[in-house]
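Colleague: One structure coming up, written as structure tokens, with questions to follow.
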Amino acid sequence: MSEDLYEDDQDSQVSSGSRHPMAERFRGYLPVVVDVETGGFNSATDALLEIAAVTIGMDEKGFLFPEHTYFYRVEPFEGANIEAAALEFTGIKLDHPLRMAVSEESALTDIFRGVRKALKANGCKRAILVGHNSSFDLGFLNAAVARNDIKRNPFHPFSSFDTATLAGLAYGQTVLARACQSADIDFDGREAHSARYDTEKTAELFCGIVNRWKEMGGWRDFND
């Protein structure tokens, strides 16, 4: 499926006359930062264990900022594979009494509800996933959507913004912790590999790169 064909199918969601600054900035797409923690690398077979999403806002001067965070610990789907090495890497304890995990469907339904609210507020037609090595997060998101037969997915199915690539361009760093350090963003390695922490830091990094580009004259909004 070509991107143009996909976008044509979505055009009816937003008036062609919409001039909201966020919609203008990203061609009708709203950046939403997503991070997942999983039981392995295979989105079809391995468990989704945590998911977090941060919606992005824009101030009156056209600068981006992290707006609202959604975070869920997720129950592994029936028959899901969970590698011991993955649990050791993330530090997730599935039997922790305070884990309070919810189903994939419940987590995605609530996140998608919040994303659709943000889409409406910003005059955007579709969310675009922002992630650090974004294809990984998008793959697990799409797999969970398909597994739960969720019909209304606000995210573009294959396009994304990858902060590993953007940080490589802006700072010469592709590892999240090092990119944040180069961008003067505090990063605590002890908190890393929590979906919530990584998502919030990725959101700061993304906003910082986009805002820095604007300050350098690389983006002029329609009021300039």
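Keep in mind that glycine also has a Cβ here, set from the backbone N, Cα and C atoms.
So Swiss-Prot has the following annotated:
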| type | residues | note |
| --- | --- | --- |
| COMPBIAS | 1-11 | compositional bias 'Acidic residues' |
| REGION | 1-20 | region 'Disordered' |
| DOMAIN | 32-206 | domain 'Exonuclease' |
| BINDING | Asp35 | Mg(2+) 1 binding site |
| BINDING | Asp35, Glu37, His193, Asp198 | Mg(2+) 2 binding site |
| SITE | Phe41 | site 'Important for substrate binding and specificity' |
| SITE | Phe89 | site 'Important for substrate binding and specificity' |
| SITE | Phe136 | site 'Important for substrate binding and specificity' |
| SITE | Phe158 | site 'Important for substrate binding and specificity' |
| ACT_SITE | His193 | active site, proton donor/acceptor |
Colleague: In whole Å, how far is the residue listed as 'Mg(2+) 1 binding site' from Asp198 (Mg(2+) 2 binding site) when you measure between their Cα atoms?
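Modeller: That separation, Cα to Cα, works out to 7 Å.
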Colleague: Cβ within 8 Å of the Mg(2+) 2 site's Cβ centroid: which residues qualify beyond Asp35, Glu37, His193, Asp198?
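Modeller: After dropping the recorded site residues, what remains is Val36, Glu50, Ala52, Thr90, Ala192, Ser194, Ala195, Arg196, Tyr197, Thr199.
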Colleague: Which ones are near Phe136 (site 'Important for substrate binding and specificity'): of the recorded positions Asp35, Phe41, Phe89, Phe158, which have a Cα within 10 Å?
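Modeller: Near Phe136 (site 'Important for substrate binding and specificity') by Cα: Asp35, Phe41.
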Colleague: Sequence gap of 6 or more, Cβ distance under 8 Å: name the residues on the same chain that satisfy this around the residue listed as 'Mg(2+) 1 binding site', in order along the sequence.
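Modeller: Sequence-distant Cβ neighbours: Ile51, Ala52, Gly131, His132, Asp137, Ala195, Arg196, Asp198, Thr199, Thr202.
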Colleague: Want to know which recorded sites, from Phe41, Phe89, Phe158, are within 10 Å of His193 (Mg(2+) 2 binding site) at Cα; which are they?
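Modeller: Final answer, ordered: Phe89.
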Colleague: Pick from Phe41, Phe89, Phe136, Phe158: which of these recorded sites has the biggest number of other Cβ atoms within 10 Å of its Cβ?
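Modeller: Compared across Phe41, Phe89, Phe136, Phe158, the most Cβ atoms within 10 Å surround Phe136.
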Colleague: How big is the Cα-to-Cα gap, in Å, between Phe158 (site 'Important for substrate binding and specificity') and Glu37 (Mg(2+) 2 binding site)?
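Modeller: Rounded to a whole number, the Cα-Cα distance is 20 Å.
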